[in-house]
Amino acid sequence: MGAGASAEEKHSRELEKKLKEDAEKDARTVKLLLLGAGESGKSTIVKQMKIIHQDGYSLEECLEFIAIIYGNTLQSILAIVRAMTTLNIQYGDSARQDDARKLMHMADTIEEGTMPKEMSDIIQRLWKDSGIQACFERASEYQLNDSAGYYLSDLERLVTPGYVPTEQDVLRSRVKTTGIIETQFSFKDLNFRMFDVGGQRSERKKWIHCFEGVTCIIFIAALSAYDMVLVEDDEVNRMHESLHLFNSICNHRYFATTSIVLFLNKKDVFSEKIKKAHLSICFPDYDGPNTYEDAGNYIKVQFLELNMRRDVKEIYSHMTCATDTQNVKFVFDAVTDIIIKENLKDCGLF
């Protein structure tokens with residue numbers, strides 16, 4: 001009997017040890033949910049985590065982005081060409097009209113994600129046209145990728161034989177997120193599980209089952225969206241949609257005890273745009289100076305004031321540029337410190 005009892009005790013001790021290890025692992029596991037409207041920069045933050053906290057992109061992985069980059073570049077110039085008609089803008093050189101027609105035809109016939117020389121030559125000629133540049137300046141009046149100017153002004157490099165996308169090229173590439181993408185990494189003794197959820201309206205119903213046991217929500221809102229409308233509804237201002245979404249998340253009963261961090265993203269695009277387009281486009285009551293600091297702060301306050309439990313729940317906010325690795329590294333470091341502090345508070349150690 002003694003031998004049986006000691007075997008049981010041993011088994012019990014092993015089980016206890018395993019449960020303790022599992023509990024410790026759970027305590028060190030951080031479930032991060034990235035939420036925000038479409039095209040706010042969520043997937044770019046995920047790419048940065050791969051660069052900062054994993055091993056970055058291998059040569060093979062970088063090469064896989066070529067087709068996406070060429071696709072993004074072509075879609076961008078086509079969007080500008082179409083907008084030339086809708087906005088009734090004339091080409092600086094009438095010969096570009098033929099180029100535009102040729103491009104439209106080629107776009108339908110080439111293999112997706114390729115960039116034949118004839119096509120890249122046409123795109124480069126179009127991009128230099130004064131009419132196209134005037135149309136590009138009015139990008140908030142139609143749907144255009146943020147990366148349009150970045151790729152189009154550097155197309156010569158992108159079509160050089162043997163081209164390998166740089167980290168920045170990869171960060172700027174855009175693929176609509178459908179479904180949920182999980183990324184795992186370790187940092188400061190914590191195991192992170194980060195979930196990127198599609199932001200377009202049709203994708204949001206998939207969020208609900210991610211809510212269980214979330215440690216922290218990073219809500220991403222594009223500062224530069226204040227003069228833009230939704231891809232899926234051209235009657236709705238993107239900033240208003242983002243505020244509406246933030247309101248429903250920060251006051252949701254599911255998240256009463258969840259840390260929430262607000263990333264006011266695309267500060268680089270915003271700082272350029274605010275020089276030309278007044279914030280009152282989005283907030284008619286705003287009559288402050290139309291500067292990066294004042295307008296940016298006003299937007300931040302609009303978000304933070306939606307928090308109905310301000311007395312007991314603090315929402316931390318950061319101005320971010322998701323394509324700037326150093327900025328994201330710095331901000332994510334601060335977010336991790338908040339998570340550690342909140343965790344210690346929950347354990348009664350803080």
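Note that Cβ sites are derived from N, Cα and C of the backbone, with glycine treated the same way.
Among the ranges 131-141, 153-163, 241-251, 340-350, the one that Swiss-Prot lists as region 'Interaction with RHO' is 340-350. Through the fold, the region 'G1 motif' (31-44) approaches residues 146, 171, 174-177, 181, 192-201, 203, 207, 210-211, 213-222, 225, 230-232, 238, 241-242, 245, 249, 263, 265-266, 320, 322-323 of its own chain, all at least 6 residues removed from its boundaries and within a Cβ separation under 8 Å. According to DSSP, Ser43 (Mg(2+) binding site) is assigned to a helical segment. Mean pLDDT, taken over the region 'Interaction with RHO' (340-350), works out to 66 on the 0 to 100 scale.
It is Ser43 that, of the binding-site residues Ser43, Thr177, has its Cβ surrounded by the most other Cβ atoms within 10 Å. Helix, strand and coil content of the region 'G5 motif' (320-325), in residues and according to DSSP, is 1 helix, 0 strand, 5 coil. Each residue of the region 'G4 motif' (261-268) gets a DSSP state, and the totals for helix, strand and coil are 2 helix, 5 strand, 1 coil.
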